[in-house]
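What Swiss-Prot says about this one:
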{"type": "DOMAIN", "residues": "1-230", "note": "domain 'Peptidase S1'"}
{"type": "DISULFID", "residues": "7-146", "note": "disulfide bond"}
{"type": "DISULFID", "residues": "26-42", "note": "disulfide bond"}
{"type": "ACT_SITE", "residues": "41", "note": "active site, charge relay system"}
{"type": "CARBOHYD", "residues": "84", "note": "N-linked glycosylation site"}
{"type": "ACT_SITE", "residues": "93", "note": "active site, charge relay system"}
{"type": "DISULFID", "residues": "125-193", "note": "disulfide bond"}
{"type": "DISULFID", "residues": "157-172", "note": "disulfide bond"}
{"type": "DISULFID", "residues": "183-208", "note": "disulfide bond"}
{"type": "ACT_SITE", "residues": "187", "note": "active site, charge relay system"}
C-alpha cells in the first residue's frame, strides 16, 4: 500500500495473509468460519498457508490462527480446479478458498460483511495489505498498511488504461493526483466501503500511485450469488 499508515492493530480482523511455499504473498478476506475470498491470480497449485489475526507478521503474538487451503474455487463455480488454467484470467479475478478447519471467532478473527449495494462514485473507501510501500523498489512492511482512496467511474480507468479490460465486473479507485494506491503484494486484499467488502485488489500500473493511474478491483457485488452459493 502506498501513501498510507499502519492499520489499527484491532481494525482488520477479517484480513488474511496467504503464503506460498516459495515465499510470495497475497492477502484475502474472511467470509465465514470456513472460507476466505481472494484474487484468482493469487492461485497456487500447492497448499497455501493462511494466517488470520496476524498484525506484525515478523513478531507473532500467539493468538493468530493458521490454516491451510483445503480447496480452491475460481469463477465460475464449475471451476473447482486441478490446474491453474481457469484461475489465470484476470477478467474474473476472484477465488474462494476453503480452510482445512474452521476458525474460531475472536476479537482479532472475524468476517467482513458482503456488500448490500454498490459503492457510489466519489465514495471514500479503505484498502489494506502487506504489499510494498516504496515503488518502484519493493519493500514489504511487517504490518498491514491502510489508505483511503476514492471510488471513480470505470470510464476513468478505461481512459488511463487504453483498451485494457475494464469490464462491468471491476471497479476503478484511486486518487487523481497519485500518491495513494494498492501495489505489488496487496493482491487479494479488501477494498472496504461503508464497512462492507466492496472490492478485491486485482491489478494496476507499476510503479503504483502515479498521477492519472488508478487501481482496478474485482467488483464483489457482481459475484454475490456465486459467493453465497458456497
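Even glycines carry a Cβ here, placed using N, Cα and C.
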Per DSSP, three-state class assigned to residue 187 (active site, charge relay system): coil
C-beta crowding around residue 187 (active site, charge relay system), within 10 angstroms: 25
Neighbouring recorded positions, C-alpha within 10 angstroms of residue 41 (active site, charge relay system) - of 7, 93, 172, 187: 93, 187
Recorded positions clustered about residue 26 (disulfide bond) [Cα within 10 Å; pool: 93, 125, 157, 187, 193]: 187
Rounded Cα-Cα span from residue 208 (disulfide bond) to residue 42 (disulfide bond), Å: 19
Residue 187 (active site, charge relay system) versus recorded positions 7, 93, 157, 172 - nearest by Cα: 93
Densest Cβ neighbourhood among 7, 42, 193 (disulfide-bonded residues), 10 Å radius: 42
Where residue 146 (disulfide bond) falls in three-state DSSP terms: strand
Residue 172 (disulfide bond) in three-state DSSP notation: strand
